[in-house]
């Protein structure tokens, strides 16, 4: 590719999905430029690596580019996209560029409605511990690497495969993981769940004859499609028919302790440095792949015991000063679908038994709030105290029956928790100051701008200290 394409421009280079690909391309020796609406830690890292980052979108930003990479979040009337069309510069979807990277190595693609980022991080960490030095592109910052991407010297590239826009069908990996299949991003599939499941079946058809689909057999929808997968299947989970199975699971001190049973292998005791049954399942996917690639059991155990997590996935910020004295434990999480939220809340209950759980939640997208409205009410009703913000629109038009006020009214009617509604995330710290008490566990949650709140709370505590 490099003899034809030397300069690659990214529209929205600071995004989680775009920045990782950009970083790998920089490290491969390409000239990389990009634009975004604001500087952040990601854009600063890319600039330090040698990328040219412009703030704001302008036609002049693509000057000299041989290709312009876009995600589905980039509008067709973006000035850089219009300029690329006018100049006949190829416009490349993000997933197509990821597919090109996968052609350079053997791809391991992690798909599923929930758990992709954590599972991708676990797979990359276990393979690294096994000496395979993988390249990885992750939708969150892997704490141990200090980045969401890395160019390794090994044969494998580990990456998330995004079903939200069906772009995972551009990928042709040699190993695939399917963590679960749930109703999300249904606009892409015409609100037809059968079409969503069919897309996952088509995803497995991208595998070569020597490839394998590593699937969570605990998920009912995944189980339904297994008979329709024509390539070799490895089942993992808690179910009796899982080929890589977790037994004797215990939660202790924020970690999960369990034994892994694998066909033809000795039982493997594991300590996972993450809470929650869902993370045990995520770890089983990594164990299944590592076992297939002959990673030593000791390396698997070490990687999982020392796993430091990934940004915004049950990320612990430590103890934060409570307004009334004492301190509360602060955790930040990217969860934005009721199933993800329930798993995180259950993990918090298991990690911190008997402690009051306070949630600050920013709903993400009006359409998701509308489509999962009752499920949101149910899961939000399981916490002890709740701060609720207005919906993060993500470019969508407001829906009056699925906004923060409507959700607050429904929660009050359900009668299990009294929500404190705030219009913006800027009001969340003050709301938590009035609500959070010594000994509480506070979780900030959502896929939108609420991700900036925990850093502010931690900074305020440091300044007071």
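Residue numbering: from 1, along the chain as shown.
For all residues, glycine too, the Cβ spot is worked out from N, Cα and C.
Here is what Swiss-Prot says about this protein:
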BINDING   112, 113, 114, 115, 116, 117, 118  ATP binding site
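Figure note: comparing Cβ neighbours within 10 Å for the binding-site residues 113, 117, 118, the maximum is reached by 118. The ATP site is set by 112, 113, 114, 115, 116, 117, 118; from the centre of their CB atoms, other residues of the chain with a CB within 8 Å are 110, 119, 179, 180, 282, 340. Annotation for residue 116 (ATP binding site): same-chain Cβ neighbours under 8 Å, separated by at least 6 residues, are 110, 139, 160, 161, 162, 179. Just so you know, the Cβ of residue 114 (ATP binding site) picks up 23 other Cβ atoms within 10 Å once every protein chain is counted.
Around residue 115 (ATP binding site), the same-chain residues six or more apart in sequence whose CB sits under 8 Å from its CB are 179, 180, 278, 281, 282, listed in sequence order.
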